[in-house]
Amino acid sequence: MSEEAPHPTRTPAAQRRQIVVITGLSGAGKSNALRAFEDAGYFCIDNLPPRMIPEVMEMSAGSPAGPEGVVVVADIRGRRYFGGELERVIDGVEGAGGWEKRLLFLEADDATLIRRYKESRRPHPAARGGDVLEAIRSERRELAPLRERADVVVDTSGLSALDVRLRFKRLAESLSGRLTVSLISFGFKHGAPLDVDTLFDVRFLPNPHYDPALRPLTGRDPAVREAVLAHPDAREFVERVCGLLSFLIPRYAAEGKTYFTVGVGCTGGRHRSVAIAEELARRLGAGRIGGEVDLYVRHRDLESG
């Protein structure tokens, strides 16, 4: 997996304080997300009872040295102990003066969650009788209302602990007021990412997989890149998509959007989508997008084949 920032730029930190509530499925990476926010300078609290969130906000705002950003993790256990209290608190936070609220929801597919629990050898908090799959499905149903309310939904399927921390490091930076644009290449045979805002399918382009000389390579290799971009449709596609994104991105930034994710998919996620995502990043990073943004590229399935 690859994640890089070809042309990051910086803007001043936002003036309003941030309250970030992280919730989602058990095993989806909430602890790693919390560490990423902590590394970014946020004041972080794990498993805080929801009714105490306004008190923490009040104490932070009342102190001259109080943190500019507070992050709270709430999981299924808190929901079972305190019922729908988190939703009520979020409703109250919406109107808090001087604060900007973000509700982040983490999820992953069943196979990823099961694998993580097997590797950690820890019990699922919602499991009864050791049936992890049923616990995951039950939790998914129970947390569906919170997912619908989330400002950002992040799918961590297939990501390592380090990848999750990197992902949330970018997100933590984006909440300071900059717009973070992420270009994600992927393979449809591995499933489309769930957390993209816009998705482009490049399977209409000739597939380098069928060229024996190119098959072992990836879209980051010059030979594959040249083969993909040699096709007139590929060049026109890149130009049209760059034009669309160049129009959209400054307008999203002006509206206060802080995170914009673009998916580029081919069959396996190793050749066409990688080459196109890299070319889009190169073009957009070369002055095609107005405003100040952070631009990242991630190749989700580069090593999957």
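Just so it is clear, glycine is given a Cβ too, placed from its N, Cα and C backbone atoms.
Copied over from Swiss-Prot, here are the features:
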type    : residues                               : note
BINDING : G24, L25, S26, G27, A28, G29, K30, S31 : ATP binding site
BINDING : D75, I76, R77, G78                     : GTP binding site
Out of S26, S31, which of these binding-site residues shows the lowest number of other CB atoms within 10 Å of its CB? S31
Just the number: how many Å between the Cα atoms of G24 (ATP binding site) and D75 (GTP binding site)? 7
What whole-number Å value do you get for the CA-CA distance of S26 (ATP binding site) and I76 (GTP binding site)? 7
Write out, in the order they occur in the sequence, the residues of the chain not among G24, L25, S26, G27, A28, G29, K30, S31 that have a C-beta within 8 Å of the mean position of the C-beta atoms of the recorded ATP site. D75, L106, E107, A108, L113, T156
Could you state the whole-number distance in Å separating the C-alpha atoms of D75 (GTP binding site) and L25 (ATP binding site)? 8
Round to the nearest Å and give the CA-to-CA distance linking I76 (GTP binding site) with L25 (ATP binding site). 8
I want to check the contact list for A28 (ATP binding site): same chain, sequence separation of six or more, C-beta distance under 8 angstroms. What comes out? L106, E107, A108, L113, T156
Can you name the residues of this chain that are 6 or more positions from G29 (ATP binding site) yet have a C-beta less than 8 Å from its C-beta? L106, A108, T156, L159, A161, V164, F168
Could you tally the C-beta atoms, other than its own, that fall within 10 angstroms of the C-beta of D75 (GTP binding site)? 22
Using Cβ atoms only, which residues of the same chain lie under 8 Å from K30 (ATP binding site) while being at least 6 residues apart in sequence? I22, T23, G24, V73, D75, L106
Chain-internal residues near L25 (ATP binding site), provided their CB is under 8 angstroms and they sit 6+ positions away: L106, E107, A108, L113, I136, E139, R140, L143
